[in-house]
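Structure, as structure tokens:
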Amino acid sequence: MKALSKLKAEEGIWMTDVPVPELGHNDLLIKIRKTAICGTDVHIYNWDEWSQKTIPVPMVVGHEYVGEVVGIGQEVKGFKIGDRVSGEGHITCGHCRNCRGGRTHLCRNTIGVGVNRPGCFAEYLVIPAFNAFKIPDNISDDLASIFDPFGNAVHTALSFDLVGEDVLVSGAGPIGIMAAAVAKHVGARNVVITDVNEYRLELARKMGITRAVNVAKENLNDVMAELGMTEGFDVGLEMSGAPPAFRTMLDTMNHGGRIAMLGIPPSDMSIDWTKVIFKGLFIKGIYGREMFETWYKMAALIQSGLDLSPIITHRFSIDDFQKGFDAMCSGQSGKVILSWD
């Protein structure tokens, strides 16, 4: 089968011919329809320091997808041939304390699809049936293919009660924009998103965010005054991994504010901890999606009218995969979809 693989320990990704993965007793064989390029895939493409430490070569990469079930393991129940599915990209052990306690998203032995085991940038993918999620009929293939990053956004945004709250989102990447859209959809009062990339900020404006702020040109305190905010943000969603953005968030949070952090800093990050202490801030780290509560909420949000379509900006055939990676690497894109049909 055709597959996009990290074939060499250098920048790039290559179209390869690899065997169709073998189906285990508890697995599903999925024929891939569409995949989306993640920021993680860009790290792997660029072969940065994290990738060099993490990715075995050769490796079929990718973990954002939608497809249909074409093979079912002997022990699998609840699925049938032809089911349209996406899937949780974190394969958990099932044996650690968190897994046995129902907190599988906190499994300390997590294996990543397309990172530690063969991924979805291929004609076929095998995953445990436990990890598959059936896609409702009224959700398109394009939207289903970005459920993985959408899940990061939903998990982050819905960590706290947002109804009537003022929310600051730092980082207008696709996940940050989707998190801001979720916050607005579920009843936040003001949702402000910050970045220095004007293309991405314009995408956020198309999604109906209260204010998209280029912090290289505007002062966040002025924006808060313009919105009639007198006490600071109630909830912060840190999606950028940029230390200056997090420090600004700490400066502008209200006392008793709550922060969910998904963005990963490039290295050790120093902050003024007295602001955390004296403001009584609550900080929560976010990794992946809750299995599978986040997935059900994702589907329900779209079915209840949340429109994510503006976040998908580029679509290519898999034969034009290089154009897709070029678009992602440029910073002038939202989500990029690759079609395998």
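Just so it is clear, glycine is given a Cβ too, placed from its N, Cα and C backbone atoms.
Copied over from Swiss-Prot, here are the features:
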type     : residues                                                       : note
ACT_SITE : THR40                                                          : active site, charge relay system
ACT_SITE : HIS43                                                          : active site, charge relay system
BINDING  : CYS38, HIS63, GLU64                                            : Zn(2+) 1 binding site
BINDING  : CYS93, CYS96, CYS99, CYS107                                    : Zn(2+) 2 binding site
BINDING  : ILE175, ASP195, ARG200, LEU262, GLY263, ILE264, ILE286, TYR287 : NAD(+) binding site
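Residues CYS38, HIS63, GLU64 make up the record's Zn(2+) 1 site, and a Cβ search at 8 Å around their centroid adds THR35, ALA36, ILE37, THR40, ASP41, GLY62, TYR65, GLY89, GLY114, GLY119, CYS120, ASP148, PRO149 from the same chain.
DSSP gives ILE175 (NAD(+) binding site) a helix state. Its Cβ taken as reference, GLU64 (Zn(2+) 1 binding site) is surrounded by 31 other Cβ atoms within 10 Å in the chains shown. Recorded residues HIS43 (active site, charge relay system) and CYS99 (Zn(2+) 2 binding site) have their alpha carbons 29 Å apart, per Cα-Cα distance. For the pair HIS63 (Zn(2+) 1 binding site) and CYS93 (Zn(2+) 2 binding site), the C-alpha distance works out to 18 angstrom. CYS96 (Zn(2+) 2 binding site) has a Cβ environment of 16 other Cβ atoms inside 10 Å. Within the set of binding-site residues GLY263, ILE286, TYR287, the entry lying nearest in space to GLU64 (Zn(2+) 1 binding site) is TYR287 (CA atoms). Listed in sequence order, THR92, CYS93, CYS107 are the same-chain residues six or more apart from CYS99 (Zn(2+) 2 binding site) with CB atoms under 8 A from its CB. In this structure, the C-alpha atom of ILE264 (NAD(+) binding site) lies 15 angstrom from that of CYS38 (Zn(2+) 1 binding site). Other C-beta atoms found within 10 angstroms of the C-beta of ILE286 (NAD(+) binding site) number 21, with every protein chain shown included.
Looking at CYS38 (Zn(2+) 1 binding site) and ILE175 (NAD(+) binding site), their Cα atoms lie 10 Å from each other. THR40 (active site, charge relay system) sits 16 Å from ILE286 (NAD(+) binding site), taking the C-alpha atoms as the reference points.
Across the fold, the C-alpha of ASP195 (NAD(+) binding site) and the C-alpha of CYS96 (Zn(2+) 2 binding site) stand 39 Å from each other.
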